[in-house]
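Novice: The structure that follows is given in the form of structure tokens.
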């Protein structure tokens, strides 16, 4: 990722933000304009920006020649729509999970003057996406396809979040509900579509492709998204909070994490009893017992093995694709996440 592209990408953010806080469809005053600007700056550009930048990278690899200034702007704008979608999900997700930190700072709803206004802010973030698309893509042949794509992916993600939440309903802590297939279903819908398929699908639409012709690409990206979430589950427990920017709470939150699913597969009856008694409890002693069991079961080794096998399998799937340019797009995506630490 060149520094040039990242700084160009951030310039496009400033331009989109300026459009939104001067949107003629609403009568802004100083208070509302300042609120939206502060809310955007706090929640939208703070992450690694991988999803957004991937649209530009993918489009470049598909086009295989220098992009015009206009193409760079449009690819960046689509990338930012994904970052806006991500911000909308995270603002609401943090409230539902009662999280404390996100990207190394307090969650938006935890700020003294924000609180539950964050719910409406989430709705505002979601509504910014069609505003951006309308302003910059309305005249394009693929405009309707873009709107469809964002709506479809939002529905899939919200439905994945729903399975995640109802599987972890408070007062119904049943570890027996947790299996690899439940985990994969949550991950496929909650993470893989918006984090992996959406950026490449945006680039393909911009390039003039029909998404119905790229089901294989979708399948590979969903597989990659599953691998990414397993990494996330692993880092939640074994990653360093300073590096990942948040304190993992999957154990306390009774999450259907890959680690607990694997632990249930490998544990003997005594160890399962320990898991049932301690998983999903907020007190540090219970969390420590679960982590200790993860170490005893060598889940670090099990994860390493999974990581290497997944990488091999995904590479094989990619190499069956007829287009070398599409292969490059998929391999560059995989390269960004393989053996990541955050």
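Placement of Cβ uses the backbone N, Cα and C atoms for every residue, glycine included.
Quick paste of what Swiss-Prot says about this protein:
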BINDING   48, 51, 86, 103  isopentenyl diphosphate binding site
BINDING   93, 97  Mg(2+) 2 binding site
BINDING   93, 97  Mg(2+) 1 binding site
MOTIF     93-97  motif 'DDXXD motif'
BINDING   102, 190, 191, 229, 246, 255  dimethylallyl diphosphate binding site
MOTIF     232-236  motif 'DDXXD motif'
Novice: Determine, using Cα-Cα distances only, which of these binding-site residues is closest to residue 190 (dimethylallyl diphosphate binding site): 48, 51, 93, 97.
Specialist: 93
Novice: Compile a sequence-ordered list of residues in the same chain as residue 86 (isopentenyl diphosphate binding site), six or more apart from it, whose Cβ lies below 8 A from its Cβ; state 'none' when nothing qualifies.
Specialist: 47, 51, 194, 195
Novice: Three-state secondary structure of residue 86 (isopentenyl diphosphate binding site) from DSSP?
Specialist: helix
Novice: Determine, using Cα-Cα distances only, which of these binding-site residues is closest to residue 191 (dimethylallyl diphosphate binding site): 48, 93, 97, 103.
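Specialist: So, spelling it out, the nearest of the binding-site residues is 93.
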Novice: Other residues with Cβ within 8 Å of the Cβ centroid of 48, 51, 86, 103 at the isopentenyl diphosphate site?
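Specialist: Neighbours found: 46, 47, 49, 50, 52, 83.
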Novice: Given residue 48 (isopentenyl diphosphate binding site) and residue 97 (Mg(2+) 2 binding site), what distance in Å do their CA atoms have, once rounded to a whole number?
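Specialist: That separation, Cα to Cα, works out to 21 Å.
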Novice: Of all the binding-site residues here, 48, 103, 246, which one's CB has the most other CB atoms within 10 A?
Specialist: 246
Novice: Along the motif 'DDXXD motif' (93-97), what average pLDDT does this model show?
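Specialist: That region's mean pLDDT is 92.
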Novice: Out of 93, 97, 103, point to the one nearest residue 255 (dimethylallyl diphosphate binding site) in space (Cα versus Cα); all of them are binding-site residues in the record.
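Specialist: Checked the binding-site residues 93, 97, 103; minimum Cα distance to residue 255 (dimethylallyl diphosphate binding site) goes to 97.
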Novice: What whole-number value in Å do you get for the largest C-alpha pair distance within 102, 190, 191, 229, 246, 255, the residues recorded as binding dimethylallyl diphosphate?
Specialist: 19
Novice: Closest of the binding-site residues to residue 97 (Mg(2+) 2 binding site), Cα to Cα, picking from 103, 229, 246?
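Specialist: Considering only the listed binding-site residues, the nearest one is 246.
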